[in-house]
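Since the structure comes first, as structure tokens, the remarks are kept for the end.
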Amino acid sequence: MAEGQAAPRGLALQLVITYGYMFLWIGLSAAVIMINKYVLSMSGFPYPVALTCTHMLFCAVLAFSLVKLGFVEAVSISADTYLSCILPIGLLFAGTLWLGNAAYLYLSVSFIQMLKASMPMVVFIVGVLFSTEKFTMKAALNMLVVGTGIAIASYGEIHFVVVGVILQVGSIATESVRLTLVQILLQKRGIKMNPVSTLYHIAPCCFVFLFLPFIYIELPKMVADPNLHVNVPLLLASAACAFALNMSVFLLIGKTSALTMNVAGVIKDWLLILLSVVLYGSPVTRTQLGGYGLAFVGVMYYNYAKVEQMKQSAAAAQKAPEKQPLIAAEGGQSGKGSE
């Protein structure tokens, strides 16, 4: 009887922890975006490179401290791997953060979130170009639905600024290439890193890549800006939220499924659109909502198809070892011979 009661309690506790991690990630993700928008557009600090440098320096120092104090073990990486893998990924990550933060100077949070719905489409295109994704008409039609929805949402945007859209599209493109390179350069080499280890290796080089444009582009403007207002506590809060967000991603991935991650991402996007309207008064038209709704359906179907594909691959991988002894016993052949 006691065992029967313990099982539901254990399941309930597991659900509470899982959804706790999910809402923690949603909250931190929303906090980072809303704070960055406020810092860049409303607090008198319109310098995205400087803000991103602050984040990377904070993350690098904290990750270095956690590793050196023995709280987290960093993955050992050779000099060749660092130069051929980490540096290109760090450069792309720097570009993603720089361009993405710069877009907040021109566009509303709600419209940026709608544009971000195109991420699966761009990742698919980049994956096909790098041969990490297989082109199919079904997937192409799915991406066409997403692209059509984004186009409708863009058409309905009242404050459409070309420069802002170009910056956000550039951020999405660099992030898509980065994700593909992570798959090609790191995962295929069997290199797996937790968020602290990732920041330990990538944040320093990302900071260096950002520091150069900061010195030559933004620093002279900041020195000559009479209206510059540096709110140190706000900048540190933004950097701390960015670091905590990376930690919550690790917790969420470790405790939930890929489907839960995708559902959490959808909830976060809708929440940010709502917060943008309520807190910052961002106008959202019916045309935009209709276009985003269409893109949303396309993205959800894409996520569902990817999760089903992952399940099939995992099931095939589990069945393969069971079949190998049977083949060897019946035909005197190894598993390799049958492939």
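Heads up, the Cβ atoms here are built off N, Cα and C, so glycines get one too.
Feature annotation from TrEMBL assigns transmembrane segment to 12-35 (among others).
For 21-303, the entry in TrEMBL reads domain 'Sugar phosphate transporter'.
The annotation transmembrane segment is assigned in TrEMBL to 47-67 (among others).
Sequence-remote contacts of a segment are chain residues at least 6 beyond its ends whose Cβ falls under 8 Å from one of its Cβ atoms, and for the transmembrane segment (79-99) they are 48-49, 52, 55-56, 167-168, 170-171, 174-175, 177-178, 181-182, 185-186, 189, 191, 201-202, 205-206, 209-210, 213. What TrEMBL records for 79-99 (among others) is transmembrane segment.
Under the heading transmembrane segment, TrEMBL lists 105-130 (among others). Nonlocal intrachain contacts for the transmembrane segment (105-130), taken as residues 6+ away from its ends with a CB within less than 8 angstroms of a stretch CB, comprise 33-34, 37, 40-41, 46, 48, 139, 143, 146-147, 149-150, 153-154, 157, 159, 161, 163-165, 167-169, 172-173, 175-177, 179-180, 184, 269, 272-273, 275-277, 280, 282-284, 288, 291-292, 295-296, 299, 302-303.
The transmembrane segment annotation in TrEMBL covers 139-156 (among others).
The annotation transmembrane segment is assigned in TrEMBL to 162-186 (among others).
Residues or ranges marked as transmembrane segment in TrEMBL: 198-217 (among others).
If you look up TrEMBL, you'll see 232-253 (among others) marked as transmembrane segment. Here the transmembrane segment (232-253) has long-range neighbours at 21-22, 24-25, 28-29, 31-32, 35-36, 38-39, 43, 45, 51, 54-55, 57-59, 62, 194-196, 198-199, 260-261, 264, meaning same-chain residues at least 6 beyond its ends whose C-beta is under 8 angstroms from one of its own.
Here TrEMBL flags 265-283 (among others) as transmembrane segment.
Sequence-distant contacts of the transmembrane segment (289-305), counting only residues of its own chain at least 6 positions beyond either end whose CB sits under 8 Å from a CB of the stretch, comprise 114, 117-118, 120, 124, 139, 142-143, 145-156, 259, 262, 266, 269, 273. The transmembrane segment annotation in TrEMBL covers 289-305 (among others).
Residues or ranges marked as region 'Disordered' by TrEMBL: 318-339.
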